[in-house]
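A quick write-up on the structure given underneath.
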Amino acid sequence: MATQLLAVLVIPALVVALISLIGRLAGIARTHGVERSARTRSLAATVGTAVAGLVAVVVWAGIGSQPPQDVRLATLPALCAAVAVVAAAVAELTWPQPTGRIRQAGLVARRPASTGLRFLYRSGLVGTALALIVGVVTAAPDGRSVTRTHGDYGSTASPYPGITYAVPVGLAAILLGAATWWALRRVEQRPALLGDAELDTAVRAQSQVRVLRFAAVGSLMTAAGLWLTLGPAVNRVTQNLRGTAPGAPTSPGDWVQNLGFLGTGLGVVLLVAAVVALVWHSPRLPMTREAGARAGMPA
């Protein structure tokens, strides 16, 4: 199941990435000077960030027997997204470099709007927190399963996001939040591209989207994984209880199972939101007047 879900995410993402790469390479070929430098650096930063995230996935997934595989799987989206976000921040430290002793800056806003991605990123963090709270409160004493009883009968299902998962997943989410905050600060504070305020604003907006894209995917995938574990576990434990306990609650009036269905539905919504964040369109860099004139000249 996990492999199928991964394929659903990775294959479309690779297709979109390839199309985007071709388009951006074509855009670089039509530009010169500082604009070409900006486009080249932006593309290199995007590729480097993606590679860092993929390397983190491979390393964390195959690190060995400790921590347990289920814990590694639960923390993988947030931790690998944090690595990608840090890589994006490092790219902001390398270019552009300030020249001379006096640092100059234009009087333009340094916080480009990316409301949609910010909303998705924060929704993932909220969804993660809610899932961990519900899981810890309702889990069995072992911290990794859920138990439901009716009279002298009982049923247990595992895995379940109790305290065993809440601590490492919570720490991974906090690390992702801290990395995202730091990376966005780097985007705001990096030196300006002097001489072209419009290009500088667009480059900064691309950098912000680069950071928030990986942060949103990490938080949403973490939340989706928790809810898609919690909801089906509640459904399984309910179905098993009905098979053994006479008079056990039945649908559609079984509110516990209905909450399990709600959790599963929420997980699906979060998973779709993660796909949306993954393919989120990055703003285009404007062509300078000189480049535009060259593009319009007859061959």
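Every residue, even glycine, has its Cβ placed from backbone N, Cα and C.
Note that the structure is predicted; figures quoted are calculated from it, not measured.
Copied over from TrEMBL, here are the features:
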type	residues	note
TRANSMEM	6-23	transmembrane segment
TRANSMEM	43-63	transmembrane segment
TRANSMEM	75-95	transmembrane segment
TRANSMEM	119-140	transmembrane segment
TRANSMEM	160-184	transmembrane segment
TRANSMEM	211-230	transmembrane segment
TRANSMEM	259-280	transmembrane segment
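Ranked by the number of CB pairs under 8 Å to the transmembrane segment (119-140), the listed stretches 43-63, 160-184, 211-230 are led by 211-230. Of the recorded ranges 75-95, 160-184, 211-230, 259-280, the transmembrane segment (43-63) has the largest number of C-beta contacts under 8 angstroms with 75-95.
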